[in-house]
Each structure stands twice: as structure tokens, then as C-alpha cells.
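Peer 1: One structure, pasted below without further comment.
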Amino acid sequence: MPTNFTVVPVKDNSKKGTNRIEEDDEDDNNVLKEEDEGATASLLRMEQRAGSRRRGDGVPKENSPFINNTDIDKGNSYDGTNMALFEEEMESNPMVSSLLNKLANYTNLTQGAHEHEEADDDEGPKKKAVKSPQMGTFMGVYLPCLQNILGVILFLRLTWIVGTSGILESLASVVLCCSCTMLTAISMSAIATNGVVPAGGSYYMISRSLGPEFGGAVGLCFYLGTTFAGSMYILGTIEILLTYIVPQAAIFVAEKKEDEVNALLNNMRVYGTCCLALMSLVVFVGVKYVNKLALVFLACVILSILSIYAGVIKTIFEPPDFPVCMLGNRTLQNTNFDSCLKTEFVNNMTVTTKLWGLFCDGRDLNATCNEYFVNNNVTLVQGIPGLKSGVISENMWSTYGPLGMLVENKELSSLEATDNSQDVYLPYVFNDISTFFTLLVGIYFPSVTGIMAGSNRSGDLRDAQKSIPIGTILAIATTSFIYVTCVVLFGASIEGVLLRDKFGDSVKRNLVIGTLSWPSPWVIVIGSFFSCCGAGLQSLTGAPRLLQAIARDGIVPFLQVFGHGKANGEPTWALVLTAGICEIGILIASLDAVAPILSMFFLMCYLFVNLACALQTLLRTPNWRPRFQYYHWALSFLGMSLCLALMFICSWYYAIVAMAIASCIYKYIEYRGAEKEWGDGIRGLSLNAARYALIRLEEAPPHTKNW
């Protein structure tokens, strides 16, 4: 059996030897006690330095308010060079220049992608020298998490969710979803502070701590969620392109109003497939091109958020002019007419308008018109009355309804018609899907995912045990604040009928959140377009590498073929499978239909993380000793329960299918692939249970029948 020896430096005390011989026995005991304590402290310090070298940072562990430290640790707090704010260069370079340098080199790629990029650039047998990880909490965890959490749902669906659910129920959705991710982040922090954090991201961190069964189930659920997230981002990109930027580019054009939905879905399928092929080609050629645009995508997200807040503040003094045309209390699509009038005076003559022609069988004053059009007047309502308007009281409550329900303002007077069968052919704003609370929770949940973006870069972090908990929790807190304030501000400054207008048909096909932004709606349109492009590229970059890592571990035998790739390690076969699964989401073609699917896989992933942490604490697994001081098994259990509840709230049948898939993965790995020995907690739990049973057997002689 191998034995480890540790050399302890001992000071030369030969000159004091004569004096010590002359002292009494009590003094000798005190001296020996002091020497033993000094040797022990020296031994512990050397072990800490060896541990830090094994972690790859070459610097002793930092003290953090989020990590429980022993008394000996406190004596060593902030040794070395980690007192610098960003890097060692801070001793010579100004803070501003160092920060700008780090922003210029900002990347949202994982460590595996960096290694493949460097391998691709290397020429000849010589490899680049291994660099110690230098990324801190802000650049390495906080910004990537922020960029991955904020995205397509915020820009394209949050206003519609607020208008349909009302402010109160929208806040309930935000609190439920953000609480779920915050509790999961606490469990992730416990895993990150349970021993040395391995390089390789969330999958390696979880599987090496929780075992191959839990690790494989979490990894594959995370992979499927990330892949369908790529579909969602691509669909969001195409929706912005065809609806708000170049609607003339549509291949399928509906001749009748009732065919508009099918035409839009077919356009999404064609353009989405082309976009997926282009993005896959970019990822295949080299992730360095994605890396060069990482800062651009991050800037688009931040500028878009700032423009929203600036626009809200501007509505206090000068609300933007986006009038909504109402016929009675019904909202009209303001795309095929210029003036919100039935008739107008031209050269002292009364002539009909384009609006008249949409509701009547001709442009003549004596033409036969729709009954509701004849009975009601047209009025203009300000789409964004501003924060001082008091519209918040009208948007406080929900307005759910079935497919085809008219978007109406109940505050306006209206005379109903006896026959409404022709309404579907008229230019009203309708619900394109049936709406209810649980559906909107499923659509909203993807907007809070992305919390593992920081832990995916564990190998790039200077001190992963400190950076992952602090950066992830701060990013969730920041995005939760943004979502809560946006819900309240949208409901307080935008008219309810415009909020419920999903595609902005009542304001000449302007993006609803763009009408609120300052200085121009194009800031949000362009910003959200590039943000969705960047998120889609990030998903197609990260998902194949995650599948490659699972395949190379060998815990799922039939996936081993996806561990191979190009000479530089680029996961070619994994990219092909990822693109194929992503195409399934694109063929669904509806952002509202894809969002609940990826919600299920992310919720299953988070459920497994919380369940594993709670079980290891309750069953007292020997090697489960997280040092994150705010962790408690009850929080993990609450997070697991919340994940399970959200799954059934979003869609009970999707939840059953997702749980069946995850359970099959777990049992399959347990039956066929769990041959890896990582010193994980579940294997340690089995050994502990066997030891306990053997000790119990020795307490009394076995009975004959039992023997």
C-alpha cells in the first residue's frame, strides 16, 4: 500500500539546547507542546499550498464570506497575489486600462472550446505553454451568466405575458421561477465548495461529486435543454427578422387573413433551417469566430436593457407617440390603413378611407358595411400613456382567453353586433393561442435559465470555489431585479391592449417593447436580433461539447461514437446530432410551443441537482462536506419540490415524458454504464451503508434461521 510522506521544516534550536536541559520538567513539557503546535501549523500550511497547486492556480485559497473557513484558514487569508482587483498586472497597470483589456478579451465560451481553438491555431509539434487560470468572478462568472439569462423571452414575450397575466400574476410567475433558480444556485454552490472543483464545467463538477448516475442524467437533461434552447433562439432571431426588420423577405404570403398564422410558421421553418445550417457551419469552421463577437453580443444585451429603462424614465416627461386605433372597444391591426377614420373631408367632399374599404364591400358611402363597424365609432388611444397616467390599475388583473379571442379594452363603450361570424376575416387583433396561467409560466421559465454558464467555465477561473457561488448568485439577483422592475414598469406605462398585442399589429408592426425604448425602437430591434444570434451560436457551441464530454466518460455506451471529432478535438459528430435535434424544435416553428419543452429539460436538470444535494446531506455521505455557509439540505429539498411543481404547472404531460426520459437515463447508466470510480458521494454512501450493516451484525450472534 503506497505511503505519502510530508517533509516538515524544523528550525535549528541547537544554541538553546543547553538552557533547556537546565529547566524543570514542566518547562520541558511546555516547550515540546509549542514545538508540536508549530510543526502542525507548518504541516497544514504546506498541505494548503499543495492543494492550491493541484487546483492549478498556484495561489493559496482566498477568504470569502460565502465559504466557512477554519481558524487556521483565517490566518492565511489573502496570502499571495489574489489581493489584486483583477490580475497581478494591477500592481503596475491602472485599473481602467486593465478592465478595458479584460473586456476586449471577453469570451462567453467554455474551456473546452478554448482548447479546441488553440489546438486549431497551433502549427507543428510544439504546443503552447499551459497558462494558469486567471479569470475572476466578474468576467468569468457574472457576465456570462447575465448574458445567458437575459434573452429572447424578455424582448419578445414579456410585454405580452404582463398584458395577459396582469401585473400580480406576472410577478407571481417571476418569483416562482427566480426562486427555483436561486435555490438551485445554492445547491450548485454547495457542490462547487465540496472539495477541489474540476475543470470541465457543470457536468464534470456534478458527476465527480454526485456519481455517474446522477451526473449522466443531469448532463443529458442539460444537453437536451441547451439544444432546444438553440432552437428557441433561432426561432426568435427569425421572428425578429421577418416581423420587424424585413417583412418583405417572407416567402409564404397569406392571401387571406385566416391563413396568416400558417404562412408565418412556414416562413419560420424555411428561414430557421437555413439559419441553423449557417450557424452550424460557423461553429464547425471554428469557434474563434464566435469568440470574436462575444463582446458585441454582450454589449447588445446591456444596451437594450439600458434603453428600456431610459424609455420608461422619458415617459414621465414626454410619452412617445404610438396611437392605437380602436373600433368600439376592439383593437384594429394598423397595417393596411393610414388614418383612423371612417370618412374624411377632401376638397370639401366627404370621402371614405381605406379603413372603410376593409369593413364594407366597396368604397362608396352607400356600400354595405359590417354591423359592428356601423354601430361603433373609431377612436385613437395612446399606446404608451406613461408612468403618470395611472394605467397600472387597469393592468393589474389577468385577461386570459381562448384562441381567436379579440383583444378588447373593456373601459371603452361598445355596441355588440348580432352576428360575429365574420370577425375572423376582419382586421382585428386576436389571440393566436389559448392563454392561461400555467402556459405562460412555461413560456416564461426559459428566461431565467442560463445559471450554469459560470460553472461551465470552472477550468478558466482563478478561484472556482469563490467565484462560482458569488458570481452565479449575484447574476440571478441582478436578473431577478430586472424582471420584477420590467413587469411593474411595463404595466405602469403601456396600455393594456398594446401589451396583449403580441406582434405589435396595432402599432404598424413595431416591436412592443421597442415602442417604449429610447432613443429609438431600432435599438431594441437590432439589439435583440444580435442577442438572439449570439445565444443561438453559444448553444450550438456548448451543447456538442457537453455531449462529447458525456460520451468520452463512457457512462452511456451507445453515445461513445459522439466522443470523436476533428484532429483538434472539435466535436464534429456531436455537432451533427445537436443540429438534428435542434431542427426538430425549428420544425415546430412556434416560439410559444418550443419554450415549454426546454423548460422541462432544464427543470429536470435542476431537480436532479437539488435532489442529489439533499440526499447526500440527509444520508450523511462521507465525502459530502460543502463549505458554502448558506447551504442547508432544506433549501435543496425546497428547490427540488419547486422544480417538480413547476414542471406540472407548465405542462403535466410534458412533465411525465421528461421524468420518464430522465429515469430511463438514470437506470440505464446504473445498469450498463456505471463502471467509473470517481470517489463520488453515492459510492461512498454505499460503502458507509455496508460498514454500518457489518457492525450491526457483530452486536449479537446470528440466529440459525438467519444464518
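Even glycines carry a Cβ here, placed using N, Cα and C.
Heads up, TrEMBL stuff is auto-annotated, nobody curated it.
Feature list, courtesy of TrEMBL:
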REGION    1-75  region 'Disordered'
COMPBIAS  12-21  compositional bias 'Basic and acidic residues'
COMPBIAS  22-38  compositional bias 'Acidic residues'
COMPBIAS  46-60  compositional bias 'Basic and acidic residues'
TRANSMEM  136-158  transmembrane segment
DOMAIN    141-317  domain 'Amino acid permease/ SLC12A'
TRANSMEM  170-193  transmembrane segment
TRANSMEM  214-235  transmembrane segment
TRANSMEM  268-287  transmembrane segment
TRANSMEM  294-317  transmembrane segment
DOMAIN    430-706  domain 'Amino acid permease/ SLC12A'
TRANSMEM  433-453  transmembrane segment
TRANSMEM  473-499  transmembrane segment
TRANSMEM  572-591  transmembrane segment
TRANSMEM  597-619  transmembrane segment
TRANSMEM  631-655  transmembrane segment
Peer 1: Can you tell me which parts of the same chain pack against the transmembrane segment (572-591), counting only residues 6+ beyond its ends and a CB-CB cutoff under 8 A?
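Peer 2: For the transmembrane segment (572-591), the list is 152, 156-157, 224, 227-228, 230-232, 234-236, 239, 265-266, 268-269, 272-273, 276-277, 280, 283-284, 539-540, 543-545, 547-548, 551, 561-566, 597-598.
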Peer 1: So which of 170-193, 214-235, 268-287, 473-499 has the most C-beta pairs under 8 Å when paired with the transmembrane segment (433-453)?
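Peer 2: When the Cβ pairs under 8 Å are tallied, 170-193 comes out ahead.
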Peer 1: Looking only at the domain 'Amino acid permease/ SLC12A' (430-706), what is the model's average confidence as pLDDT?
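Peer 2: So the average pLDDT across the domain 'Amino acid permease/ SLC12A' (430-706) works out to 87.
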Peer 1: Can at least 3 Cβ pairs under 8 A be found between the transmembrane segment (597-619) and the transmembrane segment (136-158), with each pair 6 or more apart in sequence?
Peer 2: no
Peer 1: For the transmembrane segment (136-158) and the transmembrane segment (631-655), does the number of C-beta pairs under 8 Å, pairs 6 or more apart in sequence, reach 3 or more?
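Peer 2: Checked: the transmembrane segment (136-158) vs the transmembrane segment (631-655), no contact.
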Peer 1: So, taking each listed stretch (170-193, 214-235, 268-287, 294-317, 631-655) in turn and counting its Cβ pairs to the transmembrane segment (473-499) that are under 8 angstroms, which one gives the highest count?
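Peer 2: Between the stretches 170-193, 214-235, 268-287, 294-317, 631-655, 170-193 has the largest tally.
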Peer 1: Near the transmembrane segment (268-287), which residues from the same chain, at least 6 beyond its ends, have a CB less than 8 A from one of its CBs?
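Peer 2: Distal contacts: 109, 113, 116-117, 120, 230-231, 234-235, 237-239, 241-242, 249, 251-252, 536-537, 540-541, 544, 570, 572, 575, 579, 582-583, 586-587, 589-590.
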